[in-house]
Every structure is written in C-alpha cells, then in structure tokens.
C-alpha cells in the first residue's frame, strides 16, 4: 500500500516510521503492517484503521484505551495517530498474529501451550475491572519475546458505571462487522465464555488435561469468573508440574534482580535443560531466541569477566560462580545451533570465549564451531578466533588436540593465504608425528580435505602432499598408512603427469611391499590408477618431429649390438683414416733452404734444441743461445741447411697468473741465467748437451679424434727422448711447441640435479 499520498495530505507532517507495503494480516477493522522506527531502526508493528461511519466509534475507543491502558499482556503501544480519519494508526512493539496454522507443531510441547494460557490468564487478571469483549482467536498475538499478548480494545470498557444495554448494542455492532457470532451479551460473562472457547481452540478435547476438563467446561458456559478459573487451574497437578510456568515468572523479573539472583534463576534453567531438553523444543517463536538466550548471554559475560581478570565483580564478591560458566555456555551454544538464531552481541561472546584458558570451554566451542560459522565474518574468524583456535593443536591434552584437528576444515575457507599455507601447515607437520595414532591419522585426512585450496605456486602443493603422504606411509601403525593411501586417492586430480611420474609413483611404491596385506592391496590398486593416468596421457602424445632418424622407431638388439667382426673392422678402418687425415690437415709445414748443410741441422737440433725453448708457456726456464753455445761444440758444415719453423700460437692457460707459489720462476730472476758446468753431459748421439735450466713438463688430455692444431697440441717431452730423435726434418720450433701446460680434469659433479622434496613445513 502506498502511504505517501496519505501523509502528503497532512500539512508539514513527517511520519516517523517506515511501513512495508504488504500487510501481514487484515481484519474488518484493521490492517497490520511491519514497520521500522526511523530514529533507531526499532522494529514495530503498525495497525492502520479502516475508519467508516459504522465503525468509527469502535476504532476511536480502541485508540483511546490504547493510550491509557498500560497493562502487561497487552500489545505495548508506542504511539497513536488519530487526528485524520484517513490516517488513524496505532504503533506497537513488533508482534505477529498467533500462528494458528502451526498449532500442530506447538501442541507437541504441551508445557508451551499451557504456558501461553497462563500468560493470557495473567493479562485478563490485570483487566479484572474492565470488560474486554473482543477475546477471540483474532485478538491473540505473539511479541518478539514469544509472549502471548492481546490486541483489540474496541469494546473495552470499565465495569464501573457500565450500561449493559449500551454494551450489548456495541457488541452486536462489532460482531456484525467482523462477521462472527456474539458469544454473550452480558458484559460479566462475555470474557469468560470467550476464554473458554479460545482454550478449546488451542487444545483439542483429547489433549486437554484431565484435571482441567471440568473447569474449562464451566468457564465456557460462563458459570465461573476468570479469576476463579485461574485459581482452580493453579491448584491442579498439571499447573504445578509445568516447569516453564514458574521459570517464566522468574525470567520476567530477572531485570530487577541482582547478579546473585540472576545466577540463581539461570541455575534453575540449567537444571531444567539438563534434565529434559524437550521442554525447550517447539516453544512459541521468539521465546528461545529473544528471551532466554539474551539473558543467558548477559550472565555468561559477567562470569567471563571474573574468569578473565581477577578484578572484583558483583558476583565475585559474594561467591565463586566460575564453575557455572561451562554449563551456561553449553546451553547457549546448543540453543543457538538448534534455532539458528544469534542475538546481538553473540559474536563478541564467542570470540571472548576462545580466549579463556579453560579446556572445557574450548572443547565446547570446538564442538559447536561448525554451526557457529554463519554469524561470524571471515575477518572475525581469521583475526580474532584463529590465533586462539590453532593453539589447541599444541595442547597437552590429546582429546583437545584431536577435536581441534577435526574442526580445521570448517574454518580454512576464512583464513588468509599466509595462515593457510604457512602457519597451519607448520602445525600439521607437528601433529603428523604426534604420539597419538588417531591424531596422526586425522592429520593426513585433514591435509587431504584442504588440499584443493592450498597454494599451487612453485609446485608447492605437490611437494607438500608428496611429503606428507610419504611420511605417513612410513608410520608404524596401519591406520595412518591407510589414511595416506586414501589421501593419494582423493588427490589424484591435483597432480600433473610429470609429477606423478617423477614423484608420486615413488611415494606409492613402498606400499607394495608393506607388511599389512590391506595396505599392499590398496597400494596396488592405487598404483594402477596412477599408472593408468600416465598411460592415457602417453596415448595422447603425437610425434610431429620430422627430423627424427628412422632408427628411432626400430627395435635394437643390444644383445648383439656391435658384435659383428666385419662391421667392427670397417668401422676401425674408417676411424683410422679419419685420424690420419686430421693429422695431415693440422700438421705444420717446414722448408729447408738450399744453403744450409746437414751438419748445421744436426747442430741446431742436438746442440741447442733444449736451450732454445722460450719461457712463453710459463714453465720452462729460458736461456740465450749465446750462453748455451759456450758449453757445446756442435759439428757444422757448410752444406748443412738451416731450418726455419712455423710460428706457433700459444694459448694462455687459466693458471698463468699463479706465479708466487714457488713452482714458476720470474723471468727477471737470477735463475734465468744458465749455469756453466765443467762436465757437459753426453747425449745418445755423442753430442755435448749443456745442462739446461729446470724443465717443466705439462700433459694435456685430448680425445683421440680431436683435431691437432699447433696451439692445442699435447705431447710429453723428456731429455732422453729429445736426444734420441734422429729425424732431421722436424723443425726446432715444433719441439718448442710440444711442451704445453697440463690441463685440468673435471671431476664428477656431486651436486647434481637431485630432486629434493620441498617440505615447506
């Protein structure tokens, strides 16, 4: 319904409530709407009158009586608007019509229905000096606390000075408008008879208590007053045995009690709840959520204040009530999880409870935590609950550690990336080596459950899972090993084929040799599943390399590979031809001038060959030709031609700069001057050879087929081998190039690409 046109007709009027468009219920006189007060967002109910000349007196009487009657049990009136005939409103607390459609569910708890009847009797008791006249099924409402309240004061009149004729006339008019039958015209009995009919509507004859039947029949006939009817019911066994009636009276007065009195009331609630939880099921909507739970939360906060700090509190000054904290918290958690309703401040209560050191409190929170995730935001869980929650994994009590472990999956979706992939995994690494078998088993199960949300960066997830499952497969107990195989089975889609081939199969393989036949059987099945995944991937591989040799697709008989003697001879001959060809191409050429005699060649080779080696390679001490000739008497002839060698390029070695280790002499040192010897040594050719400086010989490894060039030629030269050379065609410069430095031999790289597990624990 559009109320804007109505309010615009009122000059300078601002309606202080927001009203919904659709009515929740409607009678012949009223339309009932849910609304909200603009000032503080308080939920309200707005009754809009359907004013007409026929019912105007009835509506105005209802508005007037709503202003002056402030009686418990009537709808609490906040404000009325009756200045305009088109906009007559009665604003009350938030109420809903009695759920007659759900009466069957409410009737399952007879204590709850009896409690509602007692609430109506209490309201009518306050109205003993008034005639209500409208008591019926349509006049019963339920407020936000689940209490039964009455609305509809169209016929309400004071008994003092009331004219029976005038009341009967108004009553007939009212029941004609609503289309119902007038129970009685007598103002003294109309409410009694209306109450009797209402009780019979609430309780079927088969459900009516035996000690109530007579009294209900009497009041239905108007034979007794409401006050007498109430007194008779209070004396029945049904009334006295109803625990909710007495508890409700105490609960209504809780706001005026001191902390000790509140604790007594809640202790009675504890006894009732622990004796029979069914008493608190199927109560009137709102009774548990908005009445019992908020009061329990308030008393728990007082007890928590005493438990957290030693500061004096009103409770603490009188007696120690900390032992009541656990049962009260258990009742609150159980009630909220059943009704799935959470009062204001419930989140703070839960977060503060996690800070308590009491193991029983923490255990309760862990049990109910999966059901409490709804009202808690992700930030509250990650910042206020998780730091205290995770400490349970290091608790000395195994039961608490296990329960904490089981609760992890319900909060992982609310954790930050750092908490999930760093902190949590570190704690799980510790529980995997716990002394308790169940904890070790559950650790693997939890890792399997949260594996899908672990970080996949840098192969982190694959390494973590492989490490965890490998460790559990080595567990001395069978249960953790089976849990590891279960985790591998659930995680098969998380591994790519390369990871399976390189890591996962090696993880499963030890299970094939397990002592337990169950483990061996499951490991075999799992191994085949992973192998099947590899085979499927292998079938999808397409060979598109056009440059591949045809031999790649042929089978090779390695048993007879290279054993054919004829083929081996052909191959050896080919290798020898290649070797000689390389020598021919890389050997230096020498020229012999015609004016050099053969004697001079002998003298040049045998007399001064060693002495003419330069120190360019850093190992041979150089001497001048002139000083060397002083101790030699070469035989020369005019016909001996002089040989000229081809210049040789010497490659610089990596260790040429290491000149201070005593192995290499400086060129400027005194050792460069050859010493004179009185007794020259004789060569094998009977020629005198002057003693040379210290000779250093280097060897360099080369492959047999490597091309030999002058720069990299490697030979081994000694004095005796030099004196035995008889070939006259080899130039002296080639002797100089034959002495090279010794090459380094590369060792095996011990730090190969070993596939290490990235534990990240």
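Please read every residue number as a count from 1 along the shown chain.
Note that Cβ sites are derived from N, Cα and C of the backbone, with glycine treated the same way.
What you see is a predicted model, and the numbers here were worked out from it, not measured in a lab.
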Feature phosphoserine, as given in Swiss-Prot - residue among 627, 720, 754: 754
Per Swiss-Prot, the range holding region 'Disordered', considering 594-626, 660-692: 660-692
Segment assigned the feature region 'Disordered' in Swiss-Prot (from 522-569, 714-761): 714-761
Intrachain neighbours beyond the repeat 'HEAT 1' (385-423), with Cβ under 8 angstroms and 6 or more residues off its ends: 350-351, 354-355, 359, 362-363, 366-367, 369-370, 373, 376, 378, 430-431, 434-436, 438-439, 442-443, 446, 449-450, 453-455, 460, 760
Across the repeat 'HEAT 2' (498-534), average pLDDT on the 0 to 100 scale: 92
Helix, strand and coil counts within the repeat 'HEAT 2' (498-534) (DSSP): 34 helix, 0 strand, 3 coil
For the repeat 'HEAT 1' (385-423), residues assigned helix / strand / coil by DSSP: 33 helix, 0 strand, 6 coil
